[in-house]
């Protein structure tokens, strides 16, 4: 009967504890975080406000956007590609049956390939933007006092992209670490 047990926990009829699925839940959470951060970084960089820089004579004006810097374009494209790959990885992870030992090997291989591709895309794009910010620092900093928020958006986008990169690594590692906890819903047996 429900509620008659003094332990406060539900007792299962077959008295077999469900297998721990904590690493699957943690991996799913980290994949969702990676997806959100990569997409946020790409959108933030793509919407970086235009900045107009006036020359010393006051008449010469240059308009600067993220499209003027190839690493910024690469960050937008790579982070969008990483977002799409993370969506595919989430679909494969949720849809496959990795809780049983005789599960097909193809989804596991796909997840490894996607994990490597996402990390490659995010780290290469983030590194390129960090290098570009150092190389083009004076040009980007010239926009700091302008009406747009180009410089701030570039800085935020590169930090968010770095966070997405770290989250992707943690998701790949957490996938292979057995966590002794079990998270609802319990896998069906």
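For all residues, glycine too, the Cβ spot is worked out from N, Cα and C.
Relative to the membrane, residue 106 and residue 151 occupy opposite sides according to Swiss-Prot. Check Swiss-Prot against the ranges 72-92, 135-155 and you find transmembrane segment recorded for 72-92. Helix, strand and coil content of the topological domain 'Extracellular' (46-71), in residues and according to DSSP, is 6 helix, 8 strand, 12 coil.
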